[in-house]
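Novice: Please find one structure pasted underneath; my questions will follow.
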Amino acid sequence: MSLGLVGRKVGMTRVFAEDGQSIPVTVLDMSANRVTQIKTADTDGYNAVQVAYGSKKANRVLKAEAGHFAKAGVEAGRGLKEFTADAAKLAELKVGDTLTVELFQVGQLVDVTGTSQGKGFSGVIKRHNFSSNRASHGNSVTTRAPGSIGQAQDPGRVFPGKRMAGQYGNVKRTVQSLEVVRIDAERQLLLIKGSVPGSKGNDVVVLPAVKAGA
């Protein structure tokens, strides 16, 4: 993992390229990423930067958290996130600094991680893209049933990992190699080509793409 930012999904819109092409983009608000701690291999066993993101009411902050934020001299955040970084990058940062969208460049590929939208309890057709059974000719109650889920007496159980009905969505997902279309440094906005996981207002983590050179 390399240095990145934590932000919130604002929503989707579109922008027009110079040739008139309409490009669908997701707007991400990446403001208020404040460095709260710098970890080094000598003191912590690894190199990393801890950042606080978002904001939180003072009466909602635990005493331990309040002390940590006060020691760093930053406003209390909604949460903390660590990004690993090399020693050279750590030397450029200090506690209390603010990370901005200038970490990225237009045209750069990034990986975006978020929590996908929850769809509730869903059947196997919606959840796992199973095919439905026949809707007539003697089939009355098993049109959307999963079918056999295992053998009989031997082994007499359902194998772990069997695809069945259950909670659909609301899981951590990463979309890789999305292009940064525009950067609004004044409002700390990133416009990413395509869609990213989650609903409006959800937290997302943006990192340089792992497979950018592939």
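Yeah, the Cβs are placed from backbone N, Cα and C, and that goes for glycine too.
Straight out of Swiss-Prot:
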{"type": "COMPBIAS", "residues": "132-145", "note": "compositional bias 'Polar residues'"}
{"type": "MOD_RES", "residues": "Gln153", "note": "N5-methylglutamine"}
{"type": "REGION", "residues": "132-155", "note": "region 'Disordered'"}
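Where in this structure would I find these features, and how exposed are they?
Specialist: For the compositional bias 'Polar residues' (132-145), the residues of the chain that approach it from at least six positions outside its boundaries are 123-125, judged by C-beta separation under 8 angstroms.
For Gln153 (N5-methylglutamine), the count of additional Cβ atoms within 10 Å of its Cβ stands at 5 [all protein chains shown].
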Novice: If you run the three-state DSSP split on Gln153 (N5-methylglutamine), which class comes out?
Specialist: coil
